[in-house]
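For reference, the structure is listed below as C-alpha cells.
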Amino acid sequence: MKLAHILAPIPYAELHGSEAIEITALSCDSRQIKPGTLFFALRGTAADGHRFIRQAVQDGAAAVVLEDAACAPADCTWIRVTDGRAAMARMAAAFYGNPTADRPLIGITGTNGKTTTTYLIEAILAAAGLPAAVLGTISYRFGATTIEASRTTPESTELQAAFRQLADAGAQAFVMEVSSHALEQKRADGCHFDVGIFSNLTRDHLDYHGTMEEYLHAKQRLFAELLQPTAAKPSRRAAINMDDSYGARVADTAACPVIGYGIDYPGDVRPVEVAITVNGISGTIRTPAGEFRFASKLLGRFNLSNILAAVAAGVALDLPLTAIKAGIEGHATVPGRLERVGNTFGITCLVDYAHTGDALYNVLATLKEIATGRLITVFGCGGDRDPGKRPIMGKIAAEMSDLAIATSDNPRTEDPLAILAQVKEGITPLGIREYTPEELTARPALDEKGFVMLENRRAAIRLATRLARPGDILLLAGKGHEDYQIIGTTKHHFDDREEAAAAFGEKTA
Ligand SMILES: CC(=O)N[C@H]1[C@@H](OP(=O)(O)OP(=O)(O)OC[C@H]2O[C@@H](n3ccc(=O)[nH]c3=O)[C@H](O)[C@@H]2O)O[C@H](CO)[C@@H](O)[C@@H]1O[C@H](C)C(=O)N[C@@H](C)C(=O)N[C@H](CCC(=O)O)C(=O)O
Ligand SMILES: Nc1ncnc2c1ncn2[C@@H]1O[C@H](COP(=O)(O)OP(=O)(O)OP(=O)(O)O)[C@@H](O)[C@H]1O
C-alpha cells in the first residue's frame, strides 16, 4: 500500500521524502523490522524508540514516523507527528482498510466484568443476525479463527490486523474489551466505536496509573474522546453503570447520549423484579424500548450487572428486545468464570479462575448469598509469585467456606508443602478445625466447619466431590480456563473441569 494512503487520515507536521513508496508492514519495535516496514519511533517508559531508528533503517524500514526531527534518518522517508501513538493507531486502521468503520463495534471498559459482558453481547448480536468477533483477555476470535491474545487490548497495529483477519473470516460486528492501559496509550484511537460501556472502577493497576484519578481519567477517554459523533458513525451511545460510584463522572464526560443502567439506580435499563438463586438469575428488565422477562444460568449479583450492561448495549444498537432476551438466555458461560461442571448428584460444581485474595473473596461472597447447602472450596497459591497473598487467601477460604481444601496451584520451583504451610499461617489463628484427608474419607458425614491440607490437586478435587452432598456448592478456584499445572519448570496438562467430571464419574452417592 502507498504511504500516501496510510497518511491520509492524520494531520502530520512534516514529511521528508516520497509519499509514493510502498509500505508492506507496520511496527513500533525495531526488533521486528522486515524490508518495507513503516517504523514508528515511540517514546516509552523504559526506552525511547527514536534511539532505534538507525537500526530499523539498516534492517530495511521503508519509512519512519517520529516526533523528534533531530533523530530523523538522512537516507529514508520520514514523517514528523506530534503524537506518535495516536498517529500509529489511525495509520494502522487505514493500512488494514478501517475494518471497524462499516461494522458495529462495541467496546467495554471497567475493572471487572469485561470478559463476561463481551460474551453476553456476542450472544445478543448472534440472535440479531450479526455474527460478531470477540477480542479480549482470553483470545481474539471469530468462528474457527482464533488469534492468541497477547494482551487484553493489544498495540494498535496488532489490534487493527486482528480486526482485518476476523472481518475477512466473516465477522459482521466486533465486541472488545478496552483496557485502561490501551486507552492511556491510544491503542484504540483508530477504532470506530458505536457503543462504549463502563462497568465499574475499583482499585487496580495503580502501579501503572499512579492514582485512582489517573485511572479514571484513562477510562474516561473512551467516552469523552472516542465516542464523539463522526460522519461514518453519527449516532454513537454510551452505556454506563450508574450503580458504580464513578458512573456519574464518566457519564458527565461522554461526548454522546448516555444510557444509564443499574440494579439499584433507577436508570434507563433496570430490573423491575429479580430472583438470584443457585440456579441462576431471572426476572423482568425494563428498557426505554419496553420490558421483557428473562432467565439466565449465570450466577450472582455481579452477573446481573453484566446482563444489564449487555442489554443496554443492545438497546443502544436499537436491536429488537426478542434478540436481546434470546442472547441473554442462550448465552453459554464464560470459560473458567463460575463455569458449571455438570453432574447427577444435585451438586453445584463451579470452576473459577479467582487466584487472588480479592477475587476469592468476591466469588465466595457471591456464592454465600445464594447457597442453600454447604460451601466447599478447593484452592491454592502459585509458587514463585507473591508469597504475601498465601495466608490472606487461606484466611478468606477457610473463613467463608464450610470446608476449605488447600492444595497446589502451579507450585513451579517452590516446595508445594512449604507453600501450604504459609497458607495455613492465615488459617490457624481462626481456630477452625483441621481434618486429615483420611479422617474425612473414613467419616464423610463430619459436619463441623473445617479445613484440609492436601498437596495433590487431583486428590483434593476427588476428596471434594466425594464429600459434597446434594444442594452443596463446590468451588474449584484458581485455574479457571487454564489447562495446566506447572510443577518445577514443567507444564503438565491439568484441567479442573476434566478432573471434576472424572471425579463425579467415580462418585457413588
Ligand atoms: C506498561 C505498558 O503497557 N507498557 C507498554 C509500553 O511499553 P513502554 O512504554 O515501556 O515501551 P518501552 O520498552 O519503553 O519502549 C518504547 C518503544 O521502543 C521500542 N523498542 C524498544 C526496544 C528496542 O530494542 N527497540 C524498540 O523499537 C518499543 O517497541 C516501544 O515502542 O509500550 C509498548 C509498545 O507499545 C508495549 O508493548 C508495552 O506493553 C507491555 C508489554 C505490557 O505488558 N503491557 C501490559 C501491562 C498491558 O498493556 N496490560 C493491559 C491491561 C491488562 C489488564 O486489565 O489486566 C492490556 O491491555 O493487556
Ligand atoms: N460486574 C462485575 N462486578 C464485579 N466483579 C465482577 C463483575 N463481573 C465479574 N466479576 C468478577 O470478576 C471476575 C472476572 O470477570 P471477567 O473476566 O468478566 O472480568 P474482566 O474485567 O474481563 O477481568 P480480567 O481482565 O481480569 O479477565 C469474575 O470471575 C468475577 O469474580
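Every residue, even glycine, has its Cβ placed from backbone N, Cα and C.
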Among Arg374, Arg385, Arg443 - the residue TrEMBL places in the same meso-2,6-diaminopimelate site as Asp409, Asn410, Pro411, Arg412, Gly478, Glu482: Arg385
Intrachain neighbours beyond the motif 'Meso-diaminopimelate recognition motif' (409-412), with Cβ under 8 angstroms and 6 or more residues off its ends: 355, 379-385, 419, 457, 478-479, 484-489
Residue among binding-site residues Gly110, Gly113, Pro411, Gly478 with least C-beta crowding, 10 angstrom cut-off: Gly113
Contacting recorded positions, sequence order - Lys219, Asp409, Glu482 vs ligand 2, Cβ under 6 Å: none
Local Cβ density at Asn410 (meso-2,6-diaminopimelate binding site) - other Cβ atoms counted within 10 Å: 24
Nearest recorded site to Gly113 (ATP binding site) by CA-CA distance, among binding-site residues Arg385, Asp409, Pro411, Arg412, Glu482: Glu482
Close in space, distant in sequence - Thr116 (ATP binding site), Cβ under 8 Å, 6 or more apart: Leu298, Asn303, Asn306, Val334, Arg337
Spatially closest candidate among Thr111, Asn112, Asp409, Gly478, the listed binding-site residues, to Lys219 (N6-carboxylysine) (Cα to Cα): Thr111
Shortest C-alpha distance to Asn112 (ATP binding site) - which of the binding-site residues Asp409, Asn410, Pro411, Arg412, Gly478: Gly478
